[in-house]
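Quick look at what TrEMBL annotates:
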- A:R58, A:T59, A:R108, A:H136, A:Q139, A:G265, A:P266: carbamoyl phosphate binding site (BINDING)
- A:K86, A:R169, A:R224: L-aspartate binding site (BINDING)
- A:6-149: domain 'Aspartate/ornithine carbamoyltransferase carbamoyl-P binding' (DOMAIN)
- A:155-303: domain 'Aspartate/ornithine carbamoyltransferase Asp/Orn-binding' (DOMAIN)
Amino acid sequence: MSLSAKHLLGIRDLKRSDIELIFQTADQFKEVLQRPIKKVPTLRDTTIVNVFFENSTRTRISFELAEKRLGADVVNFSASGSSVSKGETLIDTVNNILSMKVDLVVMRHSATGAPHFLSKHINVPIVNAGDGINEHPTQALLDAFSIRERLGSVEGKKVAICGDIMHSRVALSNIYCLKKLGAEVTVAGPPTLIPKYIAEALGVNVTYDIREALNWCDVANILRIQLERQNMPLFSSLREYSLAYGVNRALLDSLQKEIVIMHPGPINRGVELSSDVADSGQSIILDQVENGVATRMAVLYLLARKEGAKE
Amino acid sequence: MKSILTDRQLAITIDRLSHQLIENHPQFENTVLIGLQPRGIYLSDRINNKLQTLLPGVKVPYGRLDITFYRDDYKSGKGLHTPNETDIDFSIDNKHVVLVDDVLYTGRTIRSAMDAMLDFGRPATVELLVLIDRRFSRELPIQPDYTGRTIDAIITEKVRVLWKERDGKDEVVLIA
């Protein structure tokens with residue numbers, strides 16, 4: 001029983017059995033998180049460094065909590081205020097950190113492929129905490145885990161991923177993960193924010209009509225408009241986006257059924273999602289955050305041993 | 001393969017162990033039973049059922065504990081263990097805890113179990129009940145309070161406890 005990959009660089013590299021193993025392990029960590037003492041000593045001899053070259057709140061805190069609740073020693077590194085601003089290369093930065101006897105690296109980087117590049121040069125497991133517009137594997141795992149928790153399983157479910165598909169690493173990882181687990185996926189959003197050949201390339205349905213997507217799905221994963229990744233305007237204004245693609249109470253009430261609402265955070269309240277929907281009983285946004293710690297504990301538990309293990 | 005306990009002997013042994021527990025904890029007022037995952041729970045299920053018969057009307061608090069995350073061989077290269085379910089829905093604070101496992105060998109599982117258990121509270125006392133005690137094989141100073149059968153097996157031999165629920169028959173065998 002072990003993951004087939006040494007690193008977690010993306011969901012694309014995982015097998016369905018890997019994902020199921022992570023969920024099975026996360027189930028037990030979720031139980032640990034309900035205990036009076038929410039901590040186990042499994043990784044007490046392991047040092048993990050969180051290398052964040054890009055801003056993050058929940059992902060970094062979630063990883064840090066997961067690491068601490070596994071009993072690991074944790075070192076945090078953020079690019080701002082570090083020697084990176086003096087021109088140090090990625091490999092040099094990470095190798096310097098590893099020389100201090102670190103066993104596992106969790107990395108976020110604004111450049112697509114940065115963890116893949118690093119994995120060819122260093123010998124310890126790497127967990128990708130988001131690379132550019134490529135993948136955010138642990139977010140996809142916790143999303144699928146939350147769907148499984150709410151609806152019993154992912155297999156056969158209809159999931160709509162709505163919003164800025166083009167710039168979203170969450171969208172790509174979610175598509176890989178949900179498809180591997182047997183779900184049907186539709187992406188919905190403005191034509192300018194949906195890659196042209198996504199249907200052929202990834203086997204998803206595409207619609208430019210949010211109402212059609214919501215009417216079809218069991219679960220809607222509403223994504224954030226990533227203005228920071230857009231070099232040129234891809235829609236006229238946030239107000240117009242909100243009117244055409246925002247999910248609000250009136251829109252949900254007009255559907256024939258009750259769907260589950262997800263959002264990877266942080267929410268632009270009033271843009272892609274209205275506050276009353278985000279805070280309603282239909283929303284599992286806070287469950288996603290809670291499940292993030294358990295799924296990340298599972299990933300770390302399954303990977304941390306790879307270093308030095310006779311396999 | 002040599003039989004250590006037949007199905008009949010196993011039933012008698014479980015009967016005896018249950019009576020011994022009642023001798024020391026007459027009404028189980030402040031005593032709880034905790035079976036160790038994965039294999040100890042077959043024995044603890046049987047003992048729990050027996051106690052229900054022997055003490056009608058008495059509800060014995062019974063939980064199952066998984067020790068995967070407390071093992072000391074995480075990095076030993078022996079293969080990663082899949083965790084099992086932990087289900088303890090009562091407090092063990094100031095309780096007399098009886099830990100139940102099928103085979104006591106090196107003592108490392110029980111060491112992990114005590115670590116895991118302490119994350120649920122601070123028990124008054126802890127006792128250990130095992131079906132098979134492989135004495136002379138201990139790596140840690142841990143001894144059972146209640147023993148089904150004590151055997152002297154050499155290190156290359158393996159004790160296997162078969163349960164009807166899982167293996168189709170009740171028997172304890174020694175595999176050379």
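Glycine residues also receive a Cβ, built from the backbone N, Cα and C atoms like all the rest.
Taking the Cα of A:H136 (carbamoyl phosphate binding site) as the reference point, the closest of the binding-site residues A:K86, A:R169, A:R224 is A:R169. Note on proximity: among A:K86, A:R169, A:R224, the binding-site residues of the record, the Cα nearest A:Q139 (carbamoyl phosphate binding site) is that of A:R169. In this structure, of the binding-site residues A:T59, A:Q139, the smallest number of CB atoms within 10 A of the CB marks A:T59. If you check the binding-site residues A:R58, A:T59, A:R108, A:P266 against A:R224 (L-aspartate binding site), the ones with a Cα inside 10 Å of its Cα are A:P266.
Cβ neighbour density within 10 Å is lowest for A:P266 among the binding-site residues A:G265, A:P266.
Residues A:R58, A:T59, A:R108, A:H136, A:Q139, A:G265, A:P266 are recorded as binding carbamoyl phosphate; their most distant pair of Cα atoms lies 16 Å apart.
DSSP labels the residues of the domain 'Aspartate/ornithine carbamoyltransferase Asp/Orn-binding' (A:155-303) in these numbers: 66 helix, 24 strand, 59 coil. Between the listed binding-site residues, namely A:K86, A:H136, A:R169, the fewest other CB atoms within 10 angstroms of a CB are found at A:K86. Among the binding-site residues A:R58, A:R108, A:R224, the residue whose Cβ has the fewest other Cβ atoms within 10 Å is A:R58. Residues A:R58, A:T59, A:R108, A:H136, A:Q139, A:G265, A:P266 make up the record's carbamoyl phosphate site, and a Cβ search at 8 Å around their centroid adds A:S56, A:T57, A:S62, A:A129, A:G130, A:V170, A:P264 from the same chain.
Per the record's binding annotation for L-aspartate, residues A:K86, A:R169, A:R224 show a top Cα-Cα distance of 32 Å. Recorded residues A:K86 (L-aspartate binding site) and A:G265 (carbamoyl phosphate binding site) have their alpha carbons 32 Å apart, per Cα-Cα distance.
Across the structure, A:G265 (carbamoyl phosphate binding site) and A:R169 (L-aspartate binding site) place their CA atoms 13 angstrom apart. The CA atom of A:R58 (carbamoyl phosphate binding site) is located 16 Å away from the CA atom of A:R169 (L-aspartate binding site). A straight line from the CA of A:R108 (carbamoyl phosphate binding site) to the CA of A:R169 (L-aspartate binding site) spans 12 Å.
DSSP gives A:T59 (carbamoyl phosphate binding site) a helix state.
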